[in-house]
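One structure below.
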Amino acid sequence: MFKLAFTLTLCLAGGLSLAQHNPHWWGNRNTIVHLFEWKWLDIAQECESFLAPRGFAGVQVSPVNENIISAGRPWWERYQPISYKLTTRSGNEEEFGEMVRRCNDVGVRIYVDVLLNHMSGDFDGVAVGTAGTQAEPRKKSFPGVPYSAQDFHPTCEITDWNDRFQVQQCELVGLKDLNQSSDWVRSKLIEFLDHLIELGVAGFRVDAAKHMASEDLEYIYSSLSNLNIAHGFPHNSRPFIFQEVIDHGHETVSRDEYRDLGAVTEFRFSEEIGNAFRGNNALKWLQSWGTGWGFLPSGQALTFVDNHDNQRDAGAVLNYKSPKPYKMATAFHLAYPYGISRVMSSFAFDDHDTPPPQDAQERIISPEFDADGACVNGWICEHRWRQVYAMVGFKNAVRDTEITGWWDNGDSQISFCRGTKGFLALNNNLYDLSQDLNTCLPAGTYCDVISGSLIDGSCTGKSVTVNEHGYGYIHIGSDDFDGVLALHVDAKV
């Protein structure tokens, strides 16, 4: 009897973990965008007017819980919780709920960045949060939850990143470290997440997951409610979970400890794609991209060119400030069949702490758009760049196809097909790519969705004529604006 019960428990746990890898996308949509620091009602409008029509699958939103108010309002204040009240500079609970409903209604899922590892760091005296709640972080007193000192790990600093105890029980950059093995802490975290599920979210990005023991997270995840069927989710659907685990290889706390609980952020993807498109690696090596590079299995990897953290760091990672290689890397990311894709939508920054665009009263301002739909007034909105949203459409058009017809010049000119539905070519050399290449597409004329759009049957950019054998003449000049060309069956002239 014990053996039967134990086996049943293992089967149920395994089923739950597999379910937590499902992002619950509509139809053939399969790309998430991180609308970093956007306000809730602005996201609702963006879902309806841009994201749904362009085929985006979901939005990662900034933390929703009340946070500390820091001088100058740096972006990272959102990662310093005071309580689990749903009031931030992005809006209140009513506005959040409206956003979730409106986005779900047009098939765009919402994933919340959640902070389960910690509360706010030290603050001189009494701290006040964005909902007006007071706390004394130095005393580990957070009455808005409530938490007191007994709910936290003892104070210590992470000085040795090879020491598991320090990584998981000491304070990450001084943030008060919650004890997730405590029944009380677990109950408050589950209550917080369940409330978001009730409001209709599809899942969670779990911040700083490697700083929490995987067995504690497994308990919390398995205790969550199923997704809300009133928002269009099937019965017994589990929340999609993707966990921030920074693992460059040979880490004491490994990504592999978390991958069965949900998807895991594949930071090596971000670093290596940056290396390649900065010219530090020949593009020909990308033929074995993905698990061939030692990355996580595709269905367990949350992939990205940059995120809100590493785009602010020096190193190989690309960001909007290097637009040509960034667009090329994004095109490859969305064309190659590996991982659960997320694209970044940023605001302009001059230093690590730059706040989102705000007015004189430190209120976040809404993005504004020019005649071409691009963002102005301090918002970058990479997701509105044609070269990015067009590749979201490409990824939708070629879903469930494999790589075929790989070609390279032995260096950094490459092309490949996605079945008979799509074709991508990239030129990262200092000389032109001019070649008859196999596009694998049916005969006809196709619009290059990178350089233009198909409007009323006409292409506003380059077009490529494909012959009866699937070949077309491909030209990408070394000084071309984008360095990439993309064709697919939904862009046939």
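Quick reminder: no glycine exception, Cβ is built from N, Cα and C everywhere.
Record features (Swiss-Prot):
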MOD_RES   Gln20  pyrrolidone carboxylic acid
DISULFID  Cys47-Cys103  disulfide bond
DISULFID  Cys156-Cys170  disulfide bond
BINDING   Arg205, Asn307, Arg342  chloride binding site
ACT_SITE  Asp207  active site, nucleophile
ACT_SITE  Glu244  active site, proton donor
SITE      Asp309  site 'Transition state stabilizer'
DISULFID  Cys375-Cys381  disulfide bond
DISULFID  Cys417-Cys440  disulfide bond
DISULFID  Cys447-Cys459  disulfide bond
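Under DSSP, Cys170 (disulfide bond) is assigned to coil, being neither helix nor strand in the three-state scheme.
Less than 8 angstroms from the CB of Cys381 (disulfide bond) sit Ser345, Ser346, Pro367, Ala374, Cys375, each of them six or more residues away in the same chain.
In the three-state DSSP assignment, the secondary structure recorded for Cys103 (disulfide bond) is helix. The most densely surrounded of the disulfide-bonded residues Cys170, Cys447 is Cys447 (count of other Cβ atoms within 10 A of its Cβ). Cα of Cys447 (disulfide bond) to Cα of Cys440 (disulfide bond): a distance of 15 Å.
With a 10 A radius on its CB, the residue listed as 'active site, nucleophile' counts 19 other CB atoms from all the protein chains.
For the pair Arg205 (chloride binding site) and the residue listed as 'active site, proton donor', the C-alpha distance works out to 7 angstrom. Just so you know, of the disulfide-bonded residues Cys47, Cys156, Cys417, Cys440, Cys459, the Cβ with the fewest other Cβ atoms around it within 10 Å is the one at Cys156. Residue pairs drawn from Arg205, Asn307, Arg342, the listed chloride binders, are separated by up to 12 Å at the Cα level.
Those same-chain residues not listed among Arg205, Asn307, Arg342 yet with C-beta within 8 angstroms of the centroid of the chloride site C-beta atoms are Ile32, His34, Gln60, Asp113, Phe242, Glu244, Thr265, Leu302, Phe304, His308, Met344. Per-site Cβ counts within 10 Å over the recorded positions Glu244, Asp309 peak at Glu244. Here the candidates are the recorded positions Cys47, Cys103, Asp207, Asn307, and by Cα distance the one nearest the residue listed as 'pyrrolidone carboxylic acid' turns out to be Asp207. Taking the C-alpha atom of Asp207 (active site, nucleophile) as reference, the shortest distance to any of the recorded positions Cys170, Glu244, Asp309 belongs to Glu244. Separation of the C-alpha atoms of Cys170 (disulfide bond) and Asn307 (chloride binding site): 25 Å, rounded to the nearest whole number. In three-state terms derived from DSSP, the residue listed as 'active site, proton donor' belongs to neither a helical nor a strand segment and is classed as coil. Other Cβ atoms within 10 Å of the Cβ of Arg205 (chloride binding site) number 25 in total over all chains.
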